[in-house]
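To start, the structure itself, in structure tokens.
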Amino acid sequence: MDAIDFVKKNTEEIVTMDEAFKALNNNPKGYIGFEPSGNPHLGTCLLLANKINDMVNAGIKMTVLLADWHAMVNDKLNGDLNEIRKSGELFKRAWLAAGLNSNVKFVWASELVEKSDYWSLLLKVAKNASLLRIRRSLPIMGRSEEDADRDFSKYIYPLMQVTDIFYLDVDFALGGMDQRHAHMLARDIAERMNIKKPVSVHTPLLSSLKGSGRMDSFKKMSKSEPDSAIFMTDSNDDIKRKIKNAYCPMKEVNGNPVIDILKYIIFPYYNDKISIKRPESKGGPVDVDMDSLTRMYISGEIHPVDLKNAVGELLCDIIGPVREKLTGD
């Protein structure tokens with residue numbers, strides 16, 4: 001694969017592709033900011049580690065910013081920095097156990113905010129941002145304007161995220177689609193400040209195992225809803241139970257969390273080839289890649305029960321070694 005193919009792999013959007021091509025030719029640096037909180041799940045551990053590795057394989061020097069101060073501002077773990085840092089250390093162990101490239105650098109936000117030039121840069125960023133634009137960026141932290149009006153520190157959060165990007169001097173800003181507002185804000189402010197704009201690489205978010213109701217908007221895996229996500233500490237029985245109960249409509253791949261897990265977690269792990277057991281009356285075992293699986297599922301050749309059985313077993317194989325390193329079980 002070419003470098004750009006690694007960057008594009010399993011992404012929702014790249015802003016912009018032309019800038020990405022150019023940046024890849026100049027010893028690029030990249031970063032992803034992460035708020036430590038709770039326990040690692042498929043999305044915050046495996047999907048994230050896979051995508052960071054893609055960026056490393058593209059020749060990008062990647063940094064993970066463990067955003068402890070951001071998590072404190074966002075009231076994660078009751079704003080307790082000690083607990084937030086414990087969570088950050090847990091995520092570091094989980095990512096490395098999941099195969100994160102050992103050359104990836106970890107930096108704590110607390111290391112940055114101790115430096116006076118960080119805050120002078122933040123003020124320059126603020127001078128080039130309007131209150132209206134900051135308000136529009138609040139969804140990056142899952143907050144509303146009303147939340148920020150009650151706690152002004154939340155207006156500082158988007159400014160910190162932009163400052164992180166500039167302070168680390170990165171060419172690529174990686175994040176889920178929920179971080180798009182912050183990355184677009186950084187690009188706009190960079191243009192006003194006449195400095196390089198970060199290429200924004202956005203990944204999909206893993207949907208809740210429960211799916212979304214007909215009138216509901218997208219729901220992602222959430223640590224606050226244990227049955228909506230597969231956690232790295234889940235037992236094999238829990239993994240299989242959650243997958244068995246997961247939303248998986250017959251012949252539908254869009255909005256199907258089981259299909260998403262296959263696409264973003266399982267196929268990358270198994271080099272795009274797995275085997276699915278079916279009753280002999282339904283054709284027997286079949287080897288598939290993502291394209292053939294999609295066709296066969298839509299046509300009804302693969303039943304949801306057989307799909308779930310395969311996904312449950314494969315996830316147990318993937319998560320088992322990670323769980324053992326985290327818990328000893």
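Backbone N, Cα and C atoms are what each Cβ position is placed from, and that goes for glycine too.
According to Swiss-Prot, the L-tyrosine binding site annotation covers Tyr31, Tyr157, Gln161, Asp164, Gln179, on the basis of sequence analysis. For Asp164 (L-tyrosine binding site), the Cβ neighbour count at a 10 Å cut-off comes to 27, with all displayed protein chains included. Secondary structure at Asp164 (L-tyrosine binding site), as computed by DSSP, is helix.
For Lys223, the entry in Swiss-Prot reads ATP binding site.
What Swiss-Prot records for 220-224 is motif ''KMSKS' region'.
Residues within less than 8 Å, Cβ to Cβ, of Gln179 (L-tyrosine binding site) and separated from it by at least 6 positions along the same chain comprise Gly33, Ile140, Ala173, His202. The Cβ of Gln161 (L-tyrosine binding site) has 26 other Cβ atoms within 10 Å, all protein chains considered.
Listed in sequence order, Met62, Thr63, Val64, Leu65, Asp164, Ile165, Leu168, Val170, Phe172, Ala173, Leu174 are the same-chain residues six or more apart from Tyr31 (L-tyrosine binding site) with CB atoms under 8 A from its CB. Spanning the listed L-tyrosine site, residues Tyr31, Tyr157, Gln161, Asp164, Gln179 have a farthest Cα to Cα distance of 17 Å.
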